[in-house]
């Protein structure tokens, strides 16, 4: 396995002594605290931003909706840029710092916009017959756009790097820590690392859920009842505190050096393979080009071993005249090492399983649109004087996810461990599959509840009165929110675990960005699906219309249910043909030349879920 330790016994001892003080769960308050404030701020002003745009800046509903769509899309795409910067030259620590600063600037811009009257149009006149409201001017909107752009850039630096930076703290833990964990759990060193990573991913998503829950309750209440200055100011102050806390933890962090642009390496492999497309591949894979020193910086945990899949890419590692200079340095656009070829193979192999998470985001996207419309037409009374706001129903999904994550380690894993014998209970492949299956039940339950709601509207003669409250409790919607929350506790965590574990070591920030990219594509796909259904059913019992009592949202839900069933089948097929990445590892006695290949059999056993 490639090593980054300095030469000399004294240097080795000094490096090991410093490493003992770095990494582990002691770094989590600093790392997760930063990302919690990101989610707290995002959910805090994002959940109610439509109200600010329409009531404070007087934007038309369509314009405000388009602005939010563009903002959400940009925030989901910028993690690709952040991941590229982190993996190429900046490193994850400094990318998180830069993202936090950009986010802070964006939040300050929103606070200033909310506090200064000159940055908002004058209030609408009270009399109903007064002159029309004056919408925000160009420069007032310019301040808003610049603030939102800064927060989007900030999310690009935070989202792909925080989760990967956190797992870095466990990959590089010293042998003494591994030994303690082995003695405590009776597991091997690799299994102990995998167990800590699994616990970290659960903790990561749990803290994100808590942040979102606080935001959609406390912050939204402050915005509606106290003022927008306080509503934006509290997340901004929290973000500032998180930056300070994150920097304070600097001496405790394991900070891996970036290994150069991963996309450049992938392009080099593709170019070299295409250049040598007519060169005959050797029968012995041992004849392919290897260079441990060249790959040292991008394989600190071990080099990837040769696989037989995607064999045409192996041509990039065939040595031909002119590939190596007289000084012994290879021309990387003509010749790649086996490790670099396998990096590209790993990414290509991941894409089918990664894409199964896209439709999951599509299925959940209607919780913020159609479900809210349904809630508006239902009986929302909690007491005689209090009605639950329609948007607040999302609390039940977040709460279900939090409870599921809390019970997963405490109850589910011990029970599953008795059946499977795995330290993690189930593999992350199985966890993803369970989440996909549960999500099908969530959409199906939404269809059944909508059928019941529509039947109630028919019985009480409310088909043509969409503003009237249907005599059916809004809490009938709780099961679909709760089921989606439970599904997310399985599928989202398993998806992130899979991407991080199976991605090449030097591309883990990029792998985290792929998680957010799947969510982004899924939401855009939801828009495409809604548009297609609306056009296909127009004039023939239109499913999706403003009067949902006349529409057939339940039919739309059944369509999504069928798509989710097909998606689960697609995932199972992809899993069947998936091959785990093979990795060179050192044995427990420090033999760095020993190689251990993880075959596809490990998908069902201890090899999955992080044992590499």
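Placed from the backbone N, Cα and C atoms, the Cβ positions cover glycine too.
Listed in TrEMBL for this protein:
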REGION    1-21  region 'Disordered'
TRANSMEM  93-116  transmembrane segment
TRANSMEM  203-222  transmembrane segment
TRANSMEM  228-253  transmembrane segment
TRANSMEM  388-408  transmembrane segment
TRANSMEM  428-449  transmembrane segment
TRANSMEM  470-493  transmembrane segment
TRANSMEM  513-534  transmembrane segment
TRANSMEM  555-578  transmembrane segment
Taking residues 6+ outside the transmembrane segment (228-253), which of them lie with a CB under 8 Å of any CB in it? 21-23, 26-27, 29-31, 33-34, 36-38, 40-41, 44-45, 48, 52, 56, 93, 96-97, 100-101, 103-104, 107-108, 110-111, 114-115, 165, 168-169, 215, 219-220, 222
Have the transmembrane segment (470-493) and the transmembrane segment (93-116) got at least three CB pairs under 8 Å, pairs 6 or more apart in sequence? no
Using a cut-off of under 8 Å between C-beta atoms, tell me which stretch among 93-116, 203-222, 428-449, 555-578 contacts the transmembrane segment (388-408) the most. 203-222
Based on Cβ pairs under 8 Å, which of the stretches 93-116, 203-222, 428-449 lies most in contact with the transmembrane segment (555-578)? 428-449
Please report, as numbers and ranges, the same-chain residues at least 6 past the borders of the transmembrane segment (203-222) whose CB is under 8 Å from any CB of it. 28, 32, 35-37, 39-45, 47-48, 162-163, 166, 230-231, 234-235, 391-392, 394-395, 398-399, 401-402, 405-406, 488-489, 492-493, 496
